[in-house]
Every structure is written in C-alpha cells, then in structure tokens.
Amino acid sequence: MFQVFLGLLDAGDKRLATNRSVKEIVLHPNFQPNNYNNDIALLRLDQPLDFTELIRPVCLPPPHSPLY
C-alpha cells in the first residue's frame, strides 16, 4: 500500500505533514513506460482531504488548449 504526504515544505521532516493511504491508482490509458509519454496518474485517497494554504487541488487547462 502506498502513502502520500501532503503539505510538506521539507521532505525530511514529515511531522507536520498530512498523510493519506492510496486506495486506487489510475494510470493514463496511453502511458508508455519505455519513454514515459503520458506519465500521469490519478490517486484515489482512502479518506477525504481538507485543503489548506499548503494543500491545494491541481488546476488543469481546458480541453484543446495548446501544449507547451
């Protein structure tokens, strides 16, 4: 089972982090491990998470936006 630590400013000090277990990993359907194309995944956590100053959601661009 994987765990994620959120809200860290120093990876060596997890005392102030919020941690959650990962319940499910959803890989991109076109992920290619030989060249890491589409190397993104969604993590479903085992319990809800409160957003804080250091824990925020990812903002995704609208569909069909140009890639940079």
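Cβ coordinates come from backbone N, Cα and C, glycine included.
As written in TrEMBL, here are the features:
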- 14-64: domain 'Peptidase S1' (DOMAIN)
Model confidence over the domain 'Peptidase S1' (14-64), averaged pLDDT: 94
Helix, strand and coil totals (DSSP H, G, I; E, B; other) for the domain 'Peptidase S1' (14-64): 0 helix, 17 strand, 34 coil
